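K.L.:
So TrEMBL lists the following for this protein:
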ACT_SITE  CYS2  active site, nucleophile
ACT_SITE  LYS604  active site, for Fru-6P isomerization activity
DOMAIN    2-218  domain 'Glutamine amidotransferase type-2'
DOMAIN    286-426  domain 'SIS'
DOMAIN    458-599  domain 'SIS'
Amino acid sequence: MCGIVGAVASRNVTAILVEGLMRLEYRGYDSAGLAVIDTENNLQIRKAVGKVKGLVDNLDTNPASGSVGIAHTRWATHGKPTEKNAHPHQSNDIAVVHNGIIENHAELRQALKNQGYVFVSETDTEVIAHQIHALVNNGLSLLEATQQAVALFEGAYAIAVVNTKFPDELIACRSGSPLVLGLGIEENFVASDQMALRQVTDRFVFLEEGDFVHLERKKFSIFNGDKELVERKVVQLTDKAEAASKGEYRHYMLKEIFEQPEVLKRTLQGRISKHHVLEEAFGTEAKAIFDRVKGVQIVACGTSYHAGLVAKYWMESIANIPCQVEVASEYRYRKVFVPKDTLFVTISQSGETADTLAALKEAKKSDYLASLVICNAPSSSLVRESDLVFMTHAGPEIGVASTKAFTTQLVALQLLTIALGRRQGLSESVESDMVSALASLPEAVSKALLLDDVIKKTSEAFADKHHALFLGRGVEYPVAMEGALKLKEISYIHAESYPAGELKHGPLALVDSDMPIVAVAPNNELMEKLKSNLEEVQARGGKLFVFSDQADAFPNSDDVTVIDVHSVPETIAPMVYTIPLQLLSYHVAIVKGTDVDQPRNLAKSVTVE
Ligand code: F6R
């Protein structure tokens, strides 16, 4: 998704801006650009379609330097990824970068055209540049002009502006899209993600909704709305800014898959004793809230939504608590019925997903008991806006396809299941069994990773396929959904998941010898049922790939490949069976030669609706 970096310094900031953009590359984008105010007080704008490397090449040929500047990676929303549509957008002596969407841009565009402004791009952002210019021309300062312009905008956005009329200033603001201030020594920065600035500072101010910042070299002021000067806390980040490096791995995704035993240990650390879940993990206020919980509403998107679906099985069968799960983009626009004493739970790797954030805001207007977020990004918007917070501690996830975030979310959700279940009569012995199964999870995941070579070979069978079906039953059905999502997003193979019992109600018509069918089949009470469903597939010539700890239960024929997963306690099977499915999608993508870490059209952090 779009990324913003800005700087006001005494030194040339071009390299800082470019480095910042590179650090945001993992978020997904399709063009890049920067604007600096040079020593002769001219705006120097450089852009490139494609990777930041293209911008670097452009700068090699046409250098640009200046001590005040803004930069951007664009993920196209209005207009194709072209140089004209890439940011920064210019209106005479003003340059603007923008994340998010200005929903009423069409009417503003028309009004500005009527004033004589000529538009060169198809973007909503160009409206911002001209609007601010029109107001500066009326005699306003850059800050006032930005404040008044923003009052006209509907939508969600983060904006950074520079103007050669005010060559030592940078104005930035946020409404619905994240923005953070980085504080240096006699230099200050702004970015849509602190990751972009970790090479220059570890001191940050996380701007709040409606904040404007007036940034100069030696000072900054924050206003909420157009009048009130506000103080915001300076946060010193103490994590080691885990360098975004692939280490020995070919791709971030592979590194992140293989990191899972370690990060799962971190998720569990300090959260379980030998026999119990320690509720402090959910925050100091958790106990009083959990005592009252009678139901759970989970809201999330994509992979995080799949984690929620797994949790529904656990909540209802283990904790004996009703649980609803919904994708945030639907939930936020629906009139919902909130049963008494319901806990509202969001799940998000990034903590910045626009739909999930909007759903939380809607939920706060309803009668929920409290909100809890399960998140991997400290200081993110969801973390700041939720009553209770559970950090998954998975470390930065750079590959666009979510892997370690998912398994750590599942652990968090299982801890929540136990904590709530305890109040509904979950026995000490079941809790103790579940906790020791969780404690064995890192080891079980390490073992599952040993399947890498087998899966690599298996992946070749998918190389020329255009479609695949993923099947599971019960709690393994959402695991199959996640397997299908992984395959489609990085290999571009159309993959659908079904609860296996649904096959004969339609999807069986798709099955022929060209259709690979992946089944998630650990030994549980539904395995025999699943086996019958798979026999129906086999009878129609489908090619089966069965992940199971009961290899002998499935016929070994040319049409059936059984991948032998070691036996694990049923409660951790969803996490363990996720691993071979992640590896499968990774290796299929490698065989197909796609961009594993930055698949086409996708963004890591979806900060627009
Ligand atoms: C898929 C993937 C996405 C995200 C979704 C929600 O691999 O990464 O489906 O899970 O965009 O993102 P978060 O969890 O950051 O809210």
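The backbone N, Cα and C atoms fix where each Cβ goes, and this holds for glycine too.
Quantities reported herein were computed from a predicted structural model and do not represent experimental measurements.
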K.L.:
Would you mind reading off the Cα separation of CYS2 (active site, nucleophile) from the residue listed as 'active site, for Fru-6P isomerization activity', to the nearest angstrom?
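P.N.:
About 10 Å separate the Cα atoms of these two residues.
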K.L.:
Around the C-beta of the residue listed as 'active site, nucleophile', how many further C-beta atoms are within 10 angstroms, looking at every protein chain?
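P.N.:
Its Cβ has 30 other Cβ atoms within 10 Å.
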K.L.:
Take the domain 'SIS' (458-599) and count its residues per DSSP category (helix H/G/I, strand E/B, coil), listing them in that order.
P.N.:
70 helix, 28 strand, 44 coil
K.L.:
Sorted by position, what residues of the same chain at least six away from the residue listed as 'active site, for Fru-6P isomerization activity' have a C-beta under 8 A from it?
P.N.:
MET1, TYR26, ARG27, GLY28, SER350, GLU397, ILE398, VAL400
K.L.:
Looking only at the domain 'SIS' (286-426), what are its DSSP counts of helix, strand and coil residues?
P.N.:
63 helix, 28 strand, 50 coil
